[in-house]
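Visitor: Here TrEMBL flags G36, S37, G38, K39, G40, T41, R153, P198 as ATP binding site. Annotated region 'NMPbind' per TrEMBL: 56-86, in sequence order. The ribonucleoside 5'-phosphate binding site annotation in TrEMBL covers R62, K84, I85, V86, G115, F116, P117, R118, Q122, R159, R170. Taken from TrEMBL, the feature region 'LID' applies to 152-162.
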Amino acid sequence: MAPTRPQTKQLKAPDEPVPLLSQEDATVIFVLGGPGSGKGTQCANLKKDYGFVHFSAGDLLREEQDRPGSEFGERISNDIKEGKIVPMEITVQLLKNSIWDTIQKEGVRKFLIDGFPRKMDQALKFEETVCPSKFTLFFDCPEDVMQKRLLKRGETSGRADDNEESIKKRFKTFVETSLPVVEHFEKEGRVVKVSAVPGPDEVYEDVKKKLEEWGMKPESKK
Ligand code: ADP
Ligand code: C5P
Ligand code: MG
């Protein structure tokens, strides 16, 4: 009698996730650190000297929140104020679109993904569907230092979450949800850790030294 089950062994599962880009197609560096540790500040330096395109997940979420007609605006706004992690489907899709647009329009293939992944599900989804990261640049900073910086930034940032109440919630989320992501990558030997306590110039010197250990040099020195 003919077999009734289809011979599917050699077929690829149709929903098997495939990243949009491989590590050969693009260099992706995740940039993590607590709120106010100086991620954005150091990304600006790296953008200038190394030719990276810089995407801050928080900035993309705030843009989406303010986009007229966005179905996610209210959800994002509430999560940001409460220091919660926005559902990863939203953030991963925003990053994916931005990365793809940049490659199409500018041909640049070096990306700093700042403030991401803040939760394990974001890390797994991004590496499965967008691109595996080269490593995570982690800015290590005690809470009292970060709090001082955030309160100072709050004097002019206009951000809904640079206030004492939101900062407390953001720190809790960072410790409970984001640090495990750093620990996960650390186990894989894919974390570059830098102390974020000294002044910005000193921190950047350390960043440059550590990137060189990974074979990355400023563009002007190539
Ligand atoms: P993040 O993106 O990690 O939240 P930012 O880069 O926005 O942090 O920095 C938070 C605040 O601290 C900003 O006002 C920035 O100017 C300031 N800042 C950044 N790095 C340092 C540093 N190394 N020393 C002192 N202040 C800093
Ligand atoms: O990185 P930034 O401090 O700008 O992020 C602001 C807020 O955006 C976070 O506290 C969080 O509510 C949200 N966010 C997120 N997932 C990310 C990055 C930011 O939910 N990967
Ligand atoms: Mg930032």
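The backbone N, Cα and C atoms fix where each Cβ goes, glycine too.
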Visitor: Compare the C-alpha of T41 (ATP binding site) with the C-alpha of each of the binding-site residues R62, G115, Q122, and give the closest one.
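Guide: Out of the listed candidates, the nearest Cα belongs to G115.
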Visitor: Near K39 (ATP binding site), meaning Cα within 10 Å, which of I85, G115, R170 (binding-site residues)?
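Guide: Matched binding-site residues: G115, sequence order.
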Visitor: Which binding-site residues out of K39, G40, R62, Q122 lie by ligand 3, going by a Cβ under 6 Å?
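Guide: Going through K39, G40, R62, Q122 in sequence order, those close to ligand 3 turn out to be K39, G40.
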Visitor: Just to be sure I understand: of R62, I85, G115, P117, Q122, R170, which binding-site residues have a C-alpha no more than 10 angstroms from the C-alpha of G40 (ATP binding site)?
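Guide: Matched binding-site residues: G115, sequence order.
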Visitor: Going by C-alpha distance, which of the binding-site residues I85, G115, P117, Q122, R170 is nearest to G38 (ATP binding site)?
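Guide: Checked the binding-site residues I85, G115, P117, Q122, R170; minimum Cα distance to G38 (ATP binding site) goes to G115.
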Visitor: Using only C-alpha positions, which one of R62, P117, Q122, R170 is spatially nearest P198 (ATP binding site)? These are the binding-site residues in the record.
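Guide: Going through R62, P117, Q122, R170 one by one, the closest to P198 (ATP binding site) is R170.
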Visitor: Specify the count of other C-beta atoms within 10 Å of the C-beta of G36 (ATP binding site).
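Guide: Step by step: centre on the Cβ of G36 (ATP binding site), count other Cβ atoms within 10 Å, giving 26.
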Visitor: For I85 (ribonucleoside 5'-phosphate binding site) and G36 (ATP binding site), what Cα-Cα distance in Å is obtained after rounding to a whole number?
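Guide: Distance between the two Cα atoms comes out at 16 Å.
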